[in-house]
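First comes the structure, then the notes that go with it.
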Amino acid sequence: MDIRKEHILVVILMAGIIGFFGIPHISQPSCQPVRQVDLDETFLVLPRETDLNVTFSVLPRMSYPQPFLDKPRRTDVLLMSPWLAPIVWEGTFNRDILNAQYRQKNVIVGVATFAVKKYVRFIEGFLGSANKFFLSGHRVNFYLFTDHPEKVPSMKLAPEKRLFIIPVQNYSRWQDISMNRMDIISSHIRSRWRYEVDYLYSMDIDVQMFEHIGVEIIDTLVGTISSWQYTKPRDSNSYERRPESRAAIPSGEGDFYYAASFYGGSVSEVYRLTTACFKGVTEDRANGIEAKWHEESHLNKYLLYHKPTRLLSPEYYWDEELSRPRIVRVKRLSSVRKDLKEVRF
Ligand code: UDP
Ligand code: MN
């Protein structure tokens, strides 16, 4: 082999090696990625995208009295909480405007109510009056929990209203029936209602409606101010004050006293509320304590530290036993008189 052939062989060998491994320090760095970019991570650091969709609906032309800033519709009652949540009173809103807005949204409202043991007797009065006065003209799903599905009277409801009867076990103590509502509501939101409704309200069954309860009740988190305690100073309201209970509200705190007979809001807010309140009930049970007014005490604590976005005045749960003051112009919903000893045992 002469030198020329050797040179050619060396050159071919070198070319092969370079072709196979590449030229060190020249080609390597440009091939190596600087950092693996996670697309999800990139998405997270981007600012939230604003929906610029320009399809929107317009309210129909309507004629109604003009609002004036210096002419409040009511001067005899508080219309706004200190955290700017409206308090709904007769004479402060125009139902036609509200209805026109909500018809476009086509929302579905769920109502959870319980008729266990002797409380089945209240079903007819509740459903009959709710069919007429509750969110008239809007879509409502009534979810009726009962241990006696066969005793639910067959009733013809308005076409936009639907009734779902859900069997539920009974408990020997009436307090447990009442408190377990929170747990049952929270688990039904998780399993089905979050796919079925936009807003959800929990209502006692031993009530009847006498006047319209419309979309003025709809908001993210809604509490009803008790008709028993709407003028009392906070320290005489029946909050749970014993620090051992999870429902305890320290002395000197409290906004309003809310009724557990009627509360609600968006499905996700009611999920948070019922889950938190039932957690409090469970922890109290484990510690051998029961709050003064059962789940209502836990509800009051929750709404103190998670301020409702809208408050319903006592018009929305007026206790039949009380005489009505001038400021409560209408009785929209009222408890049915019951012989406690007879219905609860
Ligand atoms: N409840 C029931 N069966 C009972 C006790 C209570 O179905 O034996 C349900 C029913 O929906 C009732 C709610 O729990 O409206 C709250 O109880 P109740 O109305 O007796 O409480 P109150 O309004 O008198 O505080
Ligand atoms: Mn009741």
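Each residue, glycine too, has its Cβ placed from N, Cα and C.
Annotations in TrEMBL come from automatic prediction, not curation.
As the structure is a computational prediction, the values presented were derived from the model and not from experiment.
The active site, nucleophile feature in TrEMBL is assigned to GLU296. Among the features that TrEMBL reports, UDP-N-acetyl-alpha-D-galactosamine binding site is placed at PHE114, ALA115, VAL116, TYR119, ASP204, ILE205, ASP206. If you look up TrEMBL, you'll see ASP204, ASP206 marked as Mn(2+) binding site. Positions annotated as transmembrane segment by TrEMBL: 7-26.
Mapped onto this structure are the features recorded in TrEMBL.
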| residue | record | Cβ neighbours (10 Å) |
| --- | --- | --- |
| PHE114 | UDP-N-acetyl-alpha-D-galactosamine binding site | 24 |
| ALA115 | UDP-N-acetyl-alpha-D-galactosamine binding site | 27 |
| VAL116 | UDP-N-acetyl-alpha-D-galactosamine binding site | 21 |
| TYR119 | UDP-N-acetyl-alpha-D-galactosamine binding site | 23 |
| ASP204 | UDP-N-acetyl-alpha-D-galactosamine binding site | 21 |
| ILE205 | UDP-N-acetyl-alpha-D-galactosamine binding site | 21 |
| ASP206 | UDP-N-acetyl-alpha-D-galactosamine binding site | 19 |
| GLU296 | active site, nucleophile | 24 |
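DSSP assigns ALA115 (UDP-N-acetyl-alpha-D-galactosamine binding site) to a strand segment in the three-state reduction.
Cα spacing between the residue listed as 'active site, nucleophile' and ASP204 (UDP-N-acetyl-alpha-D-galactosamine binding site): 12 Å, rounded to the nearest whole number. Within 8 Å of the Cβ centroid of the UDP-N-acetyl-alpha-D-galactosamine site, not counting the listed residues PHE114, ALA115, VAL116, TYR119, ASP204, ILE205, ASP206, the chain contributes THR113, VAL120, PHE122, ILE123, PHE126. Only ASP204, of the binding-site residues ALA115, ASP204, ILE205, place a Cβ under 6 Å from an atom of ligand 2. Taken over all pairs of the listed UDP-N-acetyl-alpha-D-galactosamine-binding residues (PHE114, ALA115, VAL116, TYR119, ASP204, ILE205, ASP206), the Cα spread reaches a maximum of 11 Å, rounded to the nearest whole number.
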